[in-house]
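Structure record follows, encoded as structure tokens.
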Amino acid sequence: MMPAQRLHCCRSLHINEDNGRFLLLAVLIIVYLLCGAAVFSAIERPSELRAHRRWNRTLLNFSDTFNISLQDLGAFLKEYEAAIAAGVRVDALRPRWDFTGAFYFVGTVVSTIGFGMTTPVTVAGKVFLIFYGLLGCAATILFFNLFLERIITLLAVVMKAVRLRRLRTSGLLPPGICQDFAASTLPGWKPSVYHVMLILGLSSIVISCCASAMYTPVEGWAYLDSLYFCFVTFSTIGFGDLVSSQNAAYGYQGLYRLANFIFILTGVCCIYSLFNVISIVIKQVLNWMLEKMSCLCCQHCNKANGFLGRRNAIRPGSRLRRGRFGRTPDSDKPCDSDTEGRRLSGEMISMRDLTGSNKISLAIMQKQLSESANGYPRTVCGSSRQNGFSGGVGALGIMNNRLAETSDSR
């Protein structure tokens, strides 16, 4: 193939990295779902078949013993299923729709947990739920994002204090130096996103273990079942097979229900924050995969004409080289300093690549970690303030930045 033809081939494959990352993530999620379905089918399908056989034997024995036809027995069981959906159980349970039961229900709605053990059955209740959940879920997601911002600020301040203490202990920082001067001596220091992920992960594990220690004796569950309930609830999956605080009476009932509320609230906030941090690492790995795909696709072409290119791309092993190359006055493109010096060797990812990425800004969260630790106010461009799109981390920050860019381009 002639050089001109190879160049034309590479240009024909030119796509935006945002779109490439989106498509790659979609493919990986589909593969992940297929693998998960295969594993769960292999694990759970035999138990389901055994349960069906036991139930069929039980129905036949009951029909023969009491001389009831299977049709009449099936109609009775359907009525019982409808009663269960309305909150009627054989064992003594708390009322579903008194004020405390309704408060528990709306809490599962706005937090998107949705256990399913309580559902509205009237037309008015279903219509009201649509509008109530629309506003409540949006407000709760905003609360989770604001909680994440404050967690990041707290962790950044704590990690900065630990770093300053280490410097003083090692003798690199005089013990009598003031805090403001100490902050100015670390302008290039940035807390690691991986440290934040580790802290949030350990916090979630501690909260889950403590909550499980409470649920095991009070609800009568096995400890592993309690841990399973904590993850399903804190991650807002909410299957509804295990639901806490549903019995009619408990010992120290008021204290238990308060502790249950606090554990669920803090657990959901921590797991949500952890998911946001993990998503940054996943995005980083996707960038690395796209870079390797670009190298394999254009290995015979000019490296400068790769099919991917976008500002603020963050990859393991990349290096920040600001100051060496700047913006030209007549250039209308943003400085692509994050992509300079990228490694195109085709090596597999290593821990050195991952840890090396801590030295650069990791999207919105890494920037906020640095600013929070050093006490710098987060600057927002004037156009963003005028448009009303600014601030936030995780999904909220990404959406705000995208809306600000879209509004500026109009």
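Just so it is clear, glycine is given a Cβ too, placed from its N, Cα and C backbone atoms.
The annotation transmembrane segment is assigned in TrEMBL to 22-43 (among others). Remote same-chain partners of the transmembrane segment (22-43), defined as residues 6 or more beyond its termini with a Cβ less than 8 Å from a stretch Cβ, comprise 282, 286, 289-290, 293.
The average pLDDT for the domain 'Potassium channel' (94-151) in the predicted structure is 90. As annotated by TrEMBL, domain 'Potassium channel' applies to 94-151 (among others).
According to TrEMBL, the feature transmembrane segment maps to 102-123 (among others).
The feature transmembrane segment is assigned by TrEMBL to 129-158 (among others).
If you look up TrEMBL, you'll see 193-215 (among others) marked as transmembrane segment.
Sequence annotations record features per position, and here TrEMBL assigns domain 'Potassium channel' to 205-283 (among others).
What TrEMBL lists as transmembrane segment is 221-243 (among others). The list of residues near the transmembrane segment (221-243) in space but at least 6 beyond its ends in sequence, with Cβ under 8 angstroms from a Cβ of it, reads 108, 111-117, 204, 207-209, 211-213, 215, 263-264, 267-268, 270-272, 275.
Residues 100, 107, 111, 113, 144, 147-148, 151, 197, 200-201, 203-204, 207-208, 210-211, 214, 218, 230-231, 233-236, 244-245 of the same chain sit 6 or more residues outside the transmembrane segment (255-275) yet have a Cβ under 8 Å from a Cβ within it. Per TrEMBL, the feature transmembrane segment maps to 255-275 (among others).
Annotated region 'Disordered' per TrEMBL: 322-341, in sequence order.
For 327-341, the entry in TrEMBL reads compositional bias 'Basic and acidic residues'.
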